[in-house]
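Attaching a single structure in structure tokens format; questions to follow.
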Amino acid sequence: MGVISPIETLFLKSENRLLQPRNYSYPLVFHNSRRVANFPCNSFSFSSLGSCSINFPLQSNPILQNGKSTYQWKRYVSESDTNEIYQKKVSIMETLKQANSFIPHAILLSTILALLYPPSFTWFKPRYFVPGLGFMMFAVGINSNERDFLEALKRPDAIFAGYIGQYLIKPLLGYIFGVIAVSLFNLPTSIGAGIMLVSCVSGAQLSNYTTFLTDPSLAPLSIVMTSVSTATAVLVTPMLSLLLIGKKLPVDVFGMISSILQVVVTPIAAGLLLNRLFPRLSNAIKPFLPALTVIDMGCCIGAPLALNIDSILSPFGATILFLVITFHLLAFVAGYFFTGFFFSKAPDVKALQRTISYETGMQSSLLALALATKFFQDPLVGVPPAISTVVMSLMGVSLVTIWKNRKE
């Protein structure tokens, strides 16, 4: 026996057309394009079925139809209640989707918190960085499809331009600022080496997510650019470090391949497959990803700052901060105008400028920090990479806010 409570029952629909007399003695309404009968909640007399009344809670016995046992009535909430519930759901979902707009605030808050109270982020150990970055790539993958990546591969000129920005423009700037740090600001040679080391490493996966936030259609192109620079870093980074610093730093080939698989390939493939095979689950997950990504990004930026707080607050900290900010600022600007000059006739030139600007201005400072810790005895070499992790992230998401507002 089915039971319908008076609270949730204001509209009833008969599946078996038992309440469909020609002369309707009760009002009819349309609910989701279906005609349903609107009954008063106290009582109702079914003239076509004999004299009887309905009292709540309404109970109905199943009937046999086509060999199956079914109930005569379906439950419907009132139209006003439906609209209210729907509006609440929409409001919550829109809030979750708009969480990306709080990324600059979250990063600024995590930076201040890491500086004032480092233990708030020291629990986020370096071993969590890979899954943290991988989660961002999953968010990109679940909002993309395989055709986007196939289209990205059809633009080798843009991929090459990103590579030039990553491994030519940025190392030149790194060398210039490394020399300035030592000769003009009289900083230790190890600080200059640290700045140069930052300019020798591959692109940052965070640049893929910032591109996704600004120009979603070019996120696959950004991912391809970063993957190419990361894959070739095993050869290019040791060569650049030998050329700029005078010390050849061997990069673990298998470790680099493993990093690409864990941070880029696997999460993006998982997002694409989820989209293709389980679209309902994918659509249910999507609204929550922006809010979770904001928390994830805050941890990935606050943790390196907290873990290297002693080096950052060293006597040279303020000067290094100034040099690193200027270095990244010029890298962003150079990537933007370099692309505008060579792709001025491209239909999506502005979006491409923003994408390659991210690629040029943001790099894997965590890799530079790992190399500094492993291959240099002087801990000061690791100070510029540690500061760079926070600076390039703050500048990248700030550009996201600026460029998104201009587009709107």
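Just so you know, glycine gets a Cβ as well, placed from its N, Cα and C.
Feature list, courtesy of TrEMBL:
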- 99-117: transmembrane segment (TRANSMEM)
- 167-185: transmembrane segment (TRANSMEM)
- 191-209: transmembrane segment (TRANSMEM)
- 221-245: transmembrane segment (TRANSMEM)
- 251-275: transmembrane segment (TRANSMEM)
- 287-307: transmembrane segment (TRANSMEM)
- 319-344: transmembrane segment (TRANSMEM)
- 382-403: transmembrane segment (TRANSMEM)
Is it the case that the transmembrane segment (382-403) and the transmembrane segment (99-117) have 3 or more CB pairs under 8 Å, with pairs at least 6 apart in sequence?
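As far as Cβ distances go (cut-off 8 Å, pairs 6 or more apart), the transmembrane segment (382-403) and the transmembrane segment (99-117) touch.
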Which one, 99-117, 167-185, 221-245, 251-275, 319-344, has the most C-beta pairs under 8 Å toward the transmembrane segment (191-209)?
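Against the transmembrane segment (191-209), the leading stretch is 221-245.
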Go through 167-185, 221-245, 287-307 and flag the stretch with the largest number of C-beta pairs under 8 Å relative to the transmembrane segment (319-344).
167-185
Taking a Cβ cut-off under 8 Å, which residues six or more beyond the ends of the transmembrane segment (167-185) line up next to it in the same chain?
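For the transmembrane segment (167-185), the sequence-distant neighbours (Cβ-Cβ under 8 Å, at least 6 residues beyond its ends) are 191-193, 195-200, 229, 236, 240, 244, 319-320, 323, 326-327, 330-331, 334-335, 338, 360, 363.
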